[in-house]
Amino acid sequence: MDIGATHPEPPAGGAPAILQGLNEPQQQAVLATEGPLLIIAGPGSGKTRVITHRIAYMVGECDVRPWQILAVTFTNKAAREMRERLDRLLLSRSQDVTMGTFHAVCARILRRHGERVGLDRNFTIYDQDDQIDALKSAMQLADVDVKRYPPRAVLSRISAAKSVLQDSQAMARAAYDSDDEYGAHWIDTCARVYRYYEEALSRQNALDFDDLLVRTTHLLERDAEVQAQYHQRYRYLLIDEFQDTNVAQYRLAQLLTGPHRNLCVVGDPDQSIYAWRNADIGNILSFQSDYPNATVVSLGQNYRSTKNILHAADSVISKNTERIDHQLFTDNPTGDAVTLHEAFSEEDEALWAVDEVSRLSRTGRFRNGDCAIMYRINAQSRAFEDQCMRQGIPYRLVGGVRFYHRKEIKDAVCYLRVVFNPDDEVSLQRVINQPPRGLGAKSVQQLTAYAARRGLTSRQAMREVAAARAEKLTCPIEVTARAARAMADLSVTLDRLTEASRELGVADLLDRALDMTGLAKHMNAQDDGDERWENILELRGLAEDYGPSGNDTPDGLGAFLERVSLVSDVDAYEQSEDSLTLITLHQAKGLEFPVVMMAGMEEGLLPHSRSMDTLAEVEEERRLCYVGMTRAKERLYLLRSFRRRYPSTGGVTLPSRFLEELPEDVLASPALDRPPGSRADSHGLNPSRSSRNADVGIGGSYGQARRASRTRLGDGAGTGGDATRGRLRGNIDERLTEWTSSRRAPAEPEPERVPLTVGEIVRHPTFGEGVVQDVEGSGDMEQVTVNFPGAGLKRLLASLARLERG
Ligand SMILES: Nc1ncnc2c1ncn2[C@@H]1O[C@H](COP(=O)(O)OP(=O)(O)OP(=O)(O)O)[C@@H](O)[C@H]1O
Ligand SMILES: [Mg+2]
């Protein structure tokens with residue numbers, strides 16, 4: 001290790017104030033300002049804090065100009081927070097530091113220099129819904145059946161190619177050389193669709209998220225002048241959450257790093273949770289070989305969590321085989337025991353959790369805002385929302401509002417997009433008959449067919465219709481007179497708005513667009529018009545910060561649309577003192593809360609059924625579990641339910657394998673000595689009991705169940721595994737008997753099913769068509785393994801999987 005070898009001497013006159021509040025290795029990382037630097041360290045060890053202090057140190061103590069620094073964060077929210085902290089350290093000089101996600105940084109570079117790689121500066125950024133629309137049209141042109149090749153699966157294959165900077169030709173070439181598990185034909189088909197999709201996006205002057213990275217990389221690779229400009233501009237580059245970058249992002253970081261090689265990357269391989277989005281943990285290894293003289297710093301002290309929480313999390317992550325073992329320690333107190341709670345149903349789980357949040361806030365030790373409930377999939381939030389509403393507990397649902405996905409917002413934004421970029425086909429299609437103006441599917445089809453025949457965009461074709469109408473000539477497209485008039489009117493309106501956009505600020509432009517297109521009137525006539533209008537006003541409020549787009553301002557309509565496109569679910573989230581947070585495990589990355597409750601600790605949910613086929617997938621799920629656990633500062637709860645209506649847990653659930661990996665000595669679980677259903681017992685956690693660790697044993701009644709569980713649940717390694725497993729199994733057996741006898745829910749008669757056979761073709765609503773590879777068990781327990789070309793090997797419970805025979 002070469003800690004701090006290349007940094008200049010810190011300024012004379014004693015340690016600068018900025019270094020106070022940092023431990024020794026953190027200080028070393030801050031002081032190593034020159035040359036490549038790799039900080040690899042566990043959760044809560046101050047990696048993000050080091051980045052902030054490093055910037056403050058460079059600007060405050062080393063005469064580095066703020067605009068020479070580029071800091072890349074994983075979300076816009078993280079960038080905002082970093083800027084706030086820097087503001088406190090630097091007294092507002094942080095404004096000139098460039099901060100943002102890779103995508104935001106790329107969008108900015110491309111607006112400025114994209115023309116040099118043939119990109120019109122008024123490009124639109126397509127979000128995932130837009131991408132799917134564009135892809136479906138491309139599939140139609142490529143004559144590829146969307147039933148056999150589910151668009152989402154094709155898109156994710158294309159995205160994987162882009163993430164390693166592979167274009168459609170390279171993908172096609174590679175198809176027959178690769179031993180891809182889905183087969184050459186599948187890759188070849190995807191490559192064909194990819195080509196049509198690339199062409200469509202280029203015609204529409206649109207980029208998807210991956211293109212932002214790919215095109216910026218191309219720009220910098222091919223244009224030495226622009227590259228040199230950026231080397232001149234950014235002297236220092238810092239990247240947080242480096243473990244979740246993909247190949248294209250790393251390549252980009254290298255291209256942006258000039259001969260000065262001042263590239264600082266910060267990450268934790270144990271928290272890599274985005275392989276499914278093509279993040280490549282190999283980037284850390286590449287960094288080490290690309291910069292062999294890099295200073296490497298590891299931070300060993302965790303400042304976030306209690307000893308118990310850290311011990312529990314460490315015990316889980318240590319079961320991963322593909323990892324470098326490193327120990328974190330903390331000087332924080334031992335803290336409360338980790339609480340396991342088993343509920344009977346998802347409603348019960350939510351009731352217990354929300355009750356517990358209320359109880360904690362009644363003790364005065366925590367506020368609602370200190371607590372977060374985390375879960376694997378968004379759908380799990382519903383039960384918690386219901387409970388919060390019932391009990392009057394305020395909550396913030398991260399990603400739940402999906403403001404920009406609301407219809408009225410999307411419509412308004414799409415109008416602005418078409419005004420900004422006339423070739424944006426996806427947005428035009430969305431608003432062409434919004435509000436209804438007599439341009440039904442058939443007329444639109446005629447329009448697009450005419451445009452395709454003549455090599456025009458739909459908007460150009462509409463202009464021809466408008467011109468013909470102005471000259472009183474016959475409409476060039478075969479549509480009704482009403483449709484022809486509507487097309488001509490819309491075309492004129494859009495052109496006028498485009499002209500107005502050069503002079504009007506975005507808020508005024510929005511007013512005019514809503515008025516001229518008839519959208520405002522239409523919206524107000526709806527039953528929920530008031531609510532929609534309020535949302536529009538909120539959008540208008542955001543638009544007020546953006547001026548006219550005509551005079552080349554960086555903060556005009558283009559910047560506004562960019563902000564709207566690049567916003568992520570977590571960006572809109574603000575913690576508040578009074579509100580409980582509901583958040584997915586993925587979104588919780590980088591955050592911390594005094595109290596964390598992880599719900600749905602069940603096989604099929606965590607690990608998720610989609611990610612249980614290979615060791616690598618399970619290890620990524622384990623890292624996700626680890627990320628969740630290490631968000632907790634003082635109290636950690638792990639919840640599961642015996643029953644869940646979620647298909648992949650199969651009705652009656654099994655405890656997550658990760659629960660079995662917990663050490664016995666940090667666990668507590670609430671008393672089970674009263675019958676379930678009595679609120680006081682099963683929902684009210686006895687605090688004195690929960691804080692005792694050692695006395696929650698596995699004696700007597702659980703012994704037998706524990707022995708039985710050993711064969712049923714596998715032979716987990718680790719100290720506490722057996723005991724925890726015994727307790728969980730014991731609880732399940734006991735509680736299930738009680739639950740079933742107390743409720744006696746009449747069983748729905750199952751329709752008679754004929755068993756599937758190996759080799760048979762089946763169709764799944766999400767995964768598309770696949771071939772049965774294996775069948776095990778029978779009746780309700782019949783499990784089938786199917787190879788879906790679009791989604792890989794899946795093991796499904798036939799009674800729940802909604803499979804159709806192909
Ligand atoms: N030297 C220190 N003294 C006191 N508190 C610290 C110190 N270093 C970090 N902290 C605090 O510890 C917590 C975790 O720090 P930070 O978020 O920077 O960790 P991290 O390594 O980035 O975590 P993650 O891997 O989860 O992103 C924060 O509340 C931070 O303020
Ligand atoms: Mg961090």
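Keep in mind that glycine also has a Cβ here, set from the backbone N, Cα and C atoms.
These features come from TrEMBL:
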BINDING   A41, G42, P43, G44, S45, G46, K47, T48  ATP binding site
DOMAIN    20-306  domain 'UvrD-like helicase ATP-binding'
DOMAIN    307-590  domain 'UvrD-like helicase C-terminal'
REGION    668-752  region 'Disordered'
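Here the features listed in TrEMBL are painted onto the structure.
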residue: A41; record: ATP binding site; Cβ neighbours (10 Å): 24
residue: G42; record: ATP binding site; Cβ neighbours (10 Å): 26
residue: P43; record: ATP binding site; Cβ neighbours (10 Å): 23
residue: G44; record: ATP binding site; Cβ neighbours (10 Å): 26
residue: S45; record: ATP binding site; Cβ neighbours (10 Å): 25
residue: G46; record: ATP binding site; Cβ neighbours (10 Å): 23
residue: K47; record: ATP binding site; Cβ neighbours (10 Å): 24
residue: T48; record: ATP binding site; Cβ neighbours (10 Å): 19
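Not one of the binding-site residues listed as A41, G42, P43, G44, S45, G46 brings a Cβ under 6 Å of any atom of ligand 2. Mean predicted confidence for the domain 'UvrD-like helicase C-terminal' (307-590): the pLDDT average there is 91. DSSP assigns A41 (ATP binding site) to a strand segment in the three-state reduction. Checking the binding-site residues G42, G44, S45, K47 against ligand 1 with a 6 Å cutoff on the Cβ atom leaves G44, S45, K47, in sequence order.
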